Amino acid sequence: MAEFVRAQIFGTTFEITSRYTELAPVGMGAFGLVCSAKDQLTNQAVAVKKIMKPFSTPVLSKRTYRELKLLKHLRHENVISLSDIFISPLEDIYFVTELLGTDLHRLLTSRPLEKQFIQYFLYQILRGLKYVHSAGVVHRDLKPSNILVNENCDLKICDFGLARIQDPQMTGYVSTRYYRAPEIMLTWQKYDVEVDIWSVGCIFAEMLEGKPLFPGKDHVNQFSIITELLGTPPDDVIQTICSENTLRFVQSLPKRERQPLTKKFKNADPQAIELLERMLVFDPRTRIRAGDALADPYLAPYHDPTDEPEAEEKFDWSFNDADLPVDTWKIMMYSEILDYHNVDAQNGEEVGVPQ
């Protein structure tokens, strides 16, 4: 049994194994608090994420279980990787991952990015997405703050708490508004990996321009801003709208023509604009895929088809439709954590699961 120590961070109790020291707050989200720490075993800096009250409701339990399963499954240079996980005696869950110094949001708010950095960051995002999508996973919440960067400009996609199966009947209100694909706003179902490509397009545009491309004040304003630049959605896209209220809203908007992106991004590389045009497309069926985007001429300095791997196997989503009580999710979580530590336990390492 691992030894646990307690520390107060922002009024929150961090109860972690003695393996981790020198805690310092990094950030807080809706579902958890993240601290940097020193791993005494490896002497490396790590990020420790505390999941707040993971067993308070079945919904939160399932969300945490999903994120844990994804972190265990996804192994790629451009995706954040899990290095440890444990449940404290207070039954909070802690994910330990590699620590990267900053994120794309902080970089974009501090200074304009030069062309070579934009290219390299975009390449790595798409390289990671190609792998994630090939595993049958849609991230659903890509935004600059979910893209971590270190001092060597290595980039990793993080925060898979909202990730879902590739499913033609997805539903729900997901993704930060500025980066949300129009098919989510228009239909709330029938969307797939292309929603992530739209988000990448918005992030790409923000790297080029230095500010968000579609900074909507609310759902309605967001869609209106999109149509000002990209024009009215084509009829075959409008026909896919399932909600009568949404359909009436879209039909009430003035007809608009798509504006050339060269007018919006006057100083950008023409090849960058050509690629952006293929990402910011209303019809997800014609939106470029991650693998094809990697082969675009704009990314030629970095593209290497022999080093852009896909997942070896699809992620197992069999649990995703389960409607289970908290106690069952808890047992499943314990099982996953014990499975993760199985190799370490065989080697005599401590396992952070309370008795």
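Here the Cβ of each residue, glycine as well, is placed from N, Cα and C on the backbone.
Database features (Swiss-Prot):
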ACT_SITE  ASP141  active site, proton acceptor
BINDING   VAL26, GLY27, MET28, GLY29, ALA30, PHE31, GLY32, LEU33, VAL34, LYS49  ATP binding site
DOMAIN    20-299  domain 'Protein kinase'
Distance from ASP141 (active site, proton acceptor) back to VAL34 (ATP binding site), taken between C-alpha atoms, in Å: 18
Inter-residue C-alpha distance, VAL26 (ATP binding site) and the residue listed as 'active site, proton acceptor' (nearest angstrom): 20
Neighbour tally for VAL26 (ATP binding site), based on other Cβ positions within 10 Å of its Cβ: 16
